[in-house]
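The structure under discussion appears below in the form of structure tokens.
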Amino acid sequence: MAPTRLADSGNTASGRSGSGDSDSARFGLADSSECVFGGDNIKSTPWSLQRILLDQLWEQATGKDVKVAVIDTGVDKSNKQLTGAVAGGRSYVGGSGTQDLEGHGTRVAGIIAARPYKGTGFVGIAKDADILSYRYTGGEGEKGQGNAGTMADAIGDAVADGAKIINISSDTQNKQDDDTLRGAVESAVSKGALIIAAAGNDGADGKLAKTYPAAYDGVLAVAASDRNDERAPFSQAGDFVDVAAPGVSMVSTVPLGGQCTADGTSFAAPYVAGVAALLKQKYPEWNAAQIATRIEETAQRPGRKPNPFIGWGVVDPVAALTDESEPGESPEPDPPVAAGSGTRVIPMAVTMGESEAERERRVAIYVLGTGLALALVVAGGGVAVRDWRSRRGESTGRFGSAGRAASAGRSGSSVSGVGR
């Protein structure tokens, strides 16, 4: 099959022109590079994997038999690194859960569970985990556009299908806290699911804001870090941020085969979801709060307490898997250093500025139907479209109390072939 090439930012991904509606999503590359679907593999090992000892990590767990839900644009299992990883799928907007014309969900799934493949150094963190794909939205040019209702439906189905880890790399625009979405999250959390969500990419101005669903109670909110373990300048800051993970120059799988590189908290969240899957295999008796706590307590901390930029710190997968202590239900600050002990505590620097190149990056925005708008949190090198410089402060996020029953109100969406 001939490769499919995404056009530059002036065109749509499908080659069709936009509708002319200022609220309709347009998809293309956000910078001068190109991403080829069905193209070549990247031979070298990505920096995000070089920072950990994979052999040591996989001695502890590989994610085997752990179901991880990816609520996104679908996952294309024709990529050979995902063929054996995708265990089923549902769609709420037509097509199937294993269809992904946009490529976003396929990248997310690859970071979690891409299988080792000859000729590339890229592999998923949880290389034996099972991916369940929930296509809650389609790309531009497709008939089906999702909304908060389709995302809520997907969350409910993921729990019913046995997913204990749920990755959501999208957030709402306009700081909207949607009742239906909140209810679905509360229900999932009350039933033992760990939801991991991207914090969003509107952080270049340094202002604190919430993004949803990341800021709901019970959700592990993930910011993006760079090669220096500092906050990526685009990553949204706020007191809801729990941890950070690599989100810059992230290599992952794309539809039809091959790999591409992109930035965004969209790709930091699945890095953490992969670690969560490893912990779930190693400690099947642990609940969601214990898994989240272990990830937070073993992160590379910037200080005694969390900060609004990288939370408790940058995730350390090997430390999370090799720490043999029993985690509690929530992380604890490090003990204070006694006066006169001779020990200096030097906080990790937090990058607040942005380079000229970073100012030119864009965020892929999906406007979903007539309901709540949702944004796929990708920065630069990725897909669509609105200049994030004009969107500052428009994204929000985190879950309500886990004990309340959901009132999500199923939307009657079409469903295709998920194995339960």
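A Cβ is built for glycine as well, from the same backbone N, Cα and C atoms used for every other residue.
All TrEMBL annotations are machine predictions without curation.
Here is what TrEMBL records for this protein:
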type	residues	note
ACT_SITE	D72	active site, charge relay system
ACT_SITE	H104	active site, charge relay system
ACT_SITE	S266	active site, charge relay system
COMPBIAS	13-25	compositional bias 'Low complexity'
COMPBIAS	396-420	compositional bias 'Low complexity'
DOMAIN	63-313	domain 'Peptidase S8/S53'
REGION	1-25	region 'Disordered'
REGION	322-342	region 'Disordered'
REGION	391-420	region 'Disordered'
TRANSMEM	363-385	transmembrane segment
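Geometry remark: D72 (active site, charge relay system) versus H104 (active site, charge relay system), CA distance 7 Å. Between the alpha carbons (Cα) of H104 (active site, charge relay system) and S266 (active site, charge relay system) lies a span of roughly 9 Å. Cβ-based crowding with a 10 Å cutoff singles out S266 as the top-ranked of the active-site residues H104, S266. A 10 Å cutoff on Cβ-Cβ distances gives D72 (active site, charge relay system) a total of 30 other Cβ atoms nearby, all chains included.
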